[in-house]
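Asks: Below you will find the structure I want to go over with you.
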């Protein structure tokens, strides 16, 4: 379980997020959604230990601030937002960077782990290609394969591991969006946990168990089932007039936007 309690982050004297609190459970995919600039990425960086924070973040009962980098690397893998940074390395070299927390792996085992991670994101055969030659979507999948090298199993020594994914499908075509979200779903079903920043609410409703809505650096709604997606909430958080239907087969909510409205 990841417990976020009263978390605040200040950068350059400015409060970016304030009093964020929710719980994410192993075996579930928890989504964080909200408008641009609402504090989603900052929240993820606090949870992962990348940013100093006030309040408390506990993974499996351990305070993140008290864990050493190698301890964090053993229990959580982080996929940052897609970036335009160019790495002068091959795909194989980047993916195997995820193995730095397991340097004692036999070379054959390391190669097998990297190959399995690449296969899971549909990049078999890309091992020798240079990162900067790839499309944005391919680069995003390479970075996810690196994370899957680091966290190859959802449960280690009886304790769940976590994938912290910041917009994992933002650059992907629909086919690979479904591939990656299915992979995340399977990770949860095997005992691990996933927290993912998402923008597509319909894709989120299809794969996530719970959703946390943020606005202006604060929670707009607690981690809850998708009953929180009401017309009123969507208008308040996103400034959109919507109609929320349900998929007849299973009742999954489906958001249809009417029009944008002026924000206060």
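Numbers here mean position along the shown chain, with the first residue as 1.
Just so you know, glycine gets a Cβ as well, placed from its N, Cα and C.
If you look up Swiss-Prot, you'll see 2-241 marked as domain 'ABC transporter'. Marked as ATP binding site by Swiss-Prot: 34, 35, 36, 37, 38, 39, 40, 41.
Are these features on the surface or tucked inside, and what are their neighbours?
Replies: Other Cβ atoms within 10 Å of the Cβ of residue 41 (ATP binding site) number 20 in total over all chains.
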Asks: Given the binding-site residues 34, 35, 37, 39, which one has the fewest other C-beta atoms within 10 angstroms of its C-beta?
Replies: 37
Asks: Beyond 34, 35, 36, 37, 38, 39, 40, 41, what residues of that chain have CB atoms within 8 A of the centre of the ATP site's CB atoms?
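Replies: Result: 214, 215.
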Asks: Highest Cβ count within 10 Å among the binding-site residues 36, 38: which residue is it?
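Replies: Most Cβ neighbours within 10 Å: 38.
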Asks: Can you tell me the three-state DSSP label for residue 35 (ATP binding site)?
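Replies: DSSP call for residue 35 (ATP binding site): coil, neither helix nor strand.
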Asks: On average, what pLDDT score does this prediction assign to the domain 'ABC transporter' (2-241)?
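Replies: Within the domain 'ABC transporter' (2-241), the model's average pLDDT equals 91.
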